[in-house]
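The next block holds one structure in the form of C-alpha cells; read it before the comments.
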Amino acid sequence: MPTVDDVLEHVGEFGWFQKQAFLLLCLISASLAPIYVGIVFLGFTPDHHCRSPGVAELSQRCGWSPAEELNYTVPGLGSAGEASFLSQCMKYEVDWNQSTLDCVDPLSSLAANRSHLPLSPCEHGWVYDTPGSSIVTEFNLVCGDAWKVDLFQSCVNLGFFLGSLVVGYIADRFGRKLCLLVTTLVTSLSGVLTAVAPDYTSMLLFRLLQGMVSKGSWVSGYTLITEFVGSGYRRTTAILYQVAFTVGLVGLAGVAYAIPDWRWLQLAVSLPTFLFLLYYWFVPESPRWLLSQKRTTQAVRIMEQIAQKNRKVPPADLKMMCLEEDASERRSPSFADLFRTPSLRKHTLILMYLWFSCAVLYQGLIMHVGATGANLYLDFFYSSLVEFPAAFIILVTIDRIGRIYPIAASNLVAGAACLLMIFIPHELHWLNVTLACLGRMGATIVLQMVCLVNAELYPTFIRNLGMMVCSALCDLGGIFTPFMVFRLMEVWQALPLILFGVLGLSAGAVTLLLPETKGVALPETIEEAENLGRRKSKAKENTIYLQVQTGKSPHT
C-alpha cells in the first residue's frame, strides 16, 4: 500500500498547491514576530524625570530652553554613579511656585550647594522625553515599578510554555487545521484586547493568553506545511518557514517607526491577523492526520485536489493510501527514558542547556540593543537583517560540514561578540551594533540547528517527548531573560553581556560533546541512540528535516 510520501511523489512534492499553502502559512510565521519581541517597542523606556508642580510655569516665565529647565530643576544630571537613579526617580523638595525663585540658577537662593537640598521620590508622576507612547509611559513603569516591564515580556514566554503543553494534544485530537483556526482567532482577539486594556493587570492577562495560543498557531502552520510537502523538500521548507519570521521582524521595525503610539501599534499588528481565518477555505486539513484518524475518504479527496492543482495524475492505488508503519511507536514513552542510559542522559542535559542558552542569547541581545541603541528602529532593523544570512549558512553547511561544528562555532562567535562589546566605547556605536548583529546571527543559527539535532539524537519512540522537554527550556529561558537584561543593567550596563558571553562560550564547548549526526540514520532504539558516534551507519541517511513537534520554540 502506498504511503503519504509515495503518493506525494505522484501528485507533486512541491507543486503549485504546496507553494500557495507555503506562502499563506508563512504569513502566520511572520505575524508571530511582534508577539515574540514586540517588547522592544511596546515597552520602550525613554529618558524621564519627576514631574514637579510649578516647574512648567516657571520655565515658561523665565523662557528656559528644555536643556536649561533640566539643568536647573532635575537632580543628579552630569554626576557619576547614581546619577541615573537620582535624575529619573528623585526630585528636589522645593516649592517651585514661590515667587522668590530667580530665573538664573533658581536653587542658589535656597542652598549654596544643590547637593545639600533634600530629595524625595516622585509623587506627581514623570515627564517623558518621547513623541510617542509605550506601556512604560502610560502606566509609569519606571523606578520602583520598572520590573513590571520584565514581567510583561515574561508572561509571553510563560504563555508559550503553558501553551506547548496543550497545543500538541489539540492538534492531534482535533486536527491541525482546527487548531490553527482556533488559536489564530484567540491570538487576534487577545492582541486587540491587549491594545485596549484599561490597566496594567488586565493587559498582563491578555498578553499571557496571547502567548499561550500564538505559539500554537505558529506550530500548527509549521506542522501543516511540513506534512503537505514531500520528504525531499521538508528540511528546506521548514527553514524557510522560519525565515518568514525574520521577514516579520524586519517589517515590525518599519511599522513601529510609522506608529509610535503603543496602542495603535498593537492594533496594527493584531487586526490583520483576523484575515487568517479565511484560511478555512484555502488551506485543507493534513492528509496524514486524517489517515491517523481513519478518515481515509477525506484524505484521498484532499490528495486528489492537490493533484488537480499541481496538474498531476494521482496514482491508481490512491484509495489504498496509508501511514508509514512504525512499530516502535507502540511503546509508551516516559520522562525517565530520556535519562535511561549514560549517552541519553548526556545528550538530554546538553540539549536542555543549548535550548536555554540560545534563547537567553537571542532574546537578550534584542532587548539589550533596544535598551542601549542610539536609534531604536535602525538598530533593530539592522540586527534583524542578519537572520537572512544565518538561514543561508544553515542551508549551505548542514549537509556539507554537519551539525555539531556549526552549532559550536556559532555559540562561540555569539559569546565572543558579547564579551567584546564590553570593551567598545559608547562613541563607537557602529562597532557595538556590528558585534551585536554578529552575536545575534550566531544565536539564530543555533536556534534553528539545535532543533534538527534534537530530533536526530533520540530513538523514535521518545523523539517527540525529547523535543518537547528539551525545547521547553527555550521558553523557560525566555521567562527569565527580561529580568536578566534589565535588572542587571541597573547594576552595570555591560553586566548582561558578561552573562551572555559565558553562556555562549560554555554552550559552544559542551556542544562538542555531542555526536555528529550528518549521514547517520535516525536511531530507532535506545541501543542505537546510545551508540551514536561510535560507529558509522551504512543505513540510508534520513532526509526528513524532523518529525513535527509541538513543543519547539516559536523561532525554530
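Cβ from N, Cα, C; glycine included.
Cβ atoms under 8 Å from those of the topological domain 'Cytoplasmic' (1-21) belong to residues 224-225, 227-233, 237, 282-283, 287-288, 291, 303, 305-307, 309-315, 317-318, 320-324 of the same chain, restricted to positions at least 6 beyond its ends. If you look up Swiss-Prot, you'll see 1-21 (among others) marked as topological domain 'Cytoplasmic'.
Note on the transmembrane segment (22-42): residues 134-135, 149, 152-153, 156, 180, 184, 187, 191, 210-211, 214-215, 217-218, 221-222, 224-225, 228-229, 237, 240-242, 244-249, 251-252, 256, 262, 265-266, 269, 272-273, 276, 279, 282-283, 363, 366-367, 370, 376, 380, 482, 554-555 of its chain, located 6 or more positions outside it, place their CB under 8 angstroms from a CB of the stretch. Feature annotation from Swiss-Prot assigns transmembrane segment to 22-42 (among others).
Along the topological domain 'Extracellular' (43-150), the predicted structure has mean pLDDT 83. For 43-150 (among others), the entry in Swiss-Prot reads topological domain 'Extracellular'.
Note on Asn71 (N-linked glycosylation site): other Cβ atoms within 10 Å of its Cβ, all shown chains, come to 13. Residues or ranges marked as N-linked glycosylation site by Swiss-Prot on the basis of sequence analysis: Asn71.
A Cβ distance under 8 Å defines the sequence-distant neighbours of the transmembrane segment (151-171), meaning residues of its chain 6+ beyond its ends; these are 35-36, 39, 42-43, 135, 178-179, 182-183, 203-204, 207-216, 219-220, 223, 289, 367, 464, 468, 471-472, 475-483, 550-551, 553-554. If you look up Swiss-Prot, you'll see 151-171 (among others) marked as transmembrane segment.
Taken from Swiss-Prot, the feature topological domain 'Cytoplasmic' covers 172-177 (among others). Each residue in the topological domain 'Cytoplasmic' (172-177) gets a DSSP state, and the totals come to 5 helix, 0 strand, 1 coil.
Per Swiss-Prot, the feature transmembrane segment maps to 178-198 (among others); the stated evidence is sequence analysis.
As annotated by Swiss-Prot, topological domain 'Extracellular' applies to 199-211 (among others), with the evidence given as sequence analysis. With a threshold of 8 Å between CB atoms, the same-chain residues lying at least 6 positions outside the topological domain 'Extracellular' (199-211) that come near it are 35, 135, 139, 141, 148, 151-152, 155-160, 162-163, 186-187, 190-191, 193.
Same-chain neighbours of the transmembrane segment (212-231): 4-5, 8-9, 12-14, 17-18, 21-22, 25-26, 28-29, 32, 35, 159-160, 162-164, 167, 170-171, 176-177, 179-180, 182-184, 186-187, 190, 237-238, 241, 276, 283, 286-289, 306, 543-545, 548-550, 552, 554, counting only residues six or more beyond its ends whose CB sits under 8 Å from a CB of the stretch. Per Swiss-Prot, the feature transmembrane segment maps to 212-231 (among others).
The transmembrane segment annotation in Swiss-Prot covers 239-259 (among others).
Long-range contacts of the topological domain 'Extracellular' (260-263) within the same chain: residues 41-42, 130-135, 138, 195-196, each at least 6 residues beyond the stretch ends and with a Cβ under 8 Å from a Cβ of the stretch. Positions annotated as topological domain 'Extracellular' by Swiss-Prot: 260-263 (among others).
Marked as transmembrane segment by Swiss-Prot: 264-284 (among others). Within the chain carrying the transmembrane segment (264-284), a Cβ under 8 angstroms from the stretch's Cβ atoms is held by residues 20-21, 24-25, 27-28, 31, 34, 38, 41-42, 177, 180-181, 184-185, 187-188, 191-192, 194-195, 217, 224, 252, 255-256, 302, 305, all 6 or more beyond its ends.
Under the heading motif 'Proline-rich sequence', Swiss-Prot lists 284-288, citing similarity to another entry as support.
The topological domain 'Cytoplasmic' feature in Swiss-Prot is assigned to 285-348 (among others); the stated evidence is sequence analysis.
The phosphoserine feature in Swiss-Prot is assigned to Ser334. Close to Ser334 (phosphoserine) in the fold, though at least 6 residues off in sequence, lie Leu465, each with a CB less than 8 Å from its CB.
Taken from Swiss-Prot, the feature transmembrane segment covers 349-369 (among others).
Away from its own ends, the transmembrane segment (430-452) comes close to residues 235, 239, 242, 351, 354-355, 358-359, 361-362, 365-366, 368-369, 372-373, 379, 382-383, 385-387, 389-391, 393-394, 398, 403, 406-407, 409-415, 417-418, 420-421, 424, 467, 471, 474, 500, 504, 507, 545-546, 549, 552-553, 555-556 of its chain (Cβ-Cβ under 8 Å, at least six residues beyond either end).
According to DSSP, Asn71 (N-linked glycosylation site) is assigned to a helical segment. With a cut-off of 8 Å between Cβ atoms, the residues of this chain six or more beyond the topological domain 'Extracellular' (370-377) that come close are 39-41, 44-45, 253-254, 256-257, 429, 432-433, 485-486, 489, 493. A Cβ distance under 8 Å defines the sequence-distant neighbours of the transmembrane segment (349-369), meaning residues of its chain 6+ beyond its ends; these are 37, 39-40, 153, 379-380, 383, 407, 411, 414-415, 418, 433, 436, 439-440, 442-444, 446-447, 450, 453-454, 457, 466, 469-478, 480-482, 484-486, 489, 496-497, 499-500, 503-504, 506-507, 510-511, 513-514, 553, 555. Beyond the ends of the topological domain 'Cytoplasmic' (399-403), by six or more residues, the same chain brings 449, 452-453, 456, 516-518 to within a C-beta distance below 8 angstroms of the stretch.
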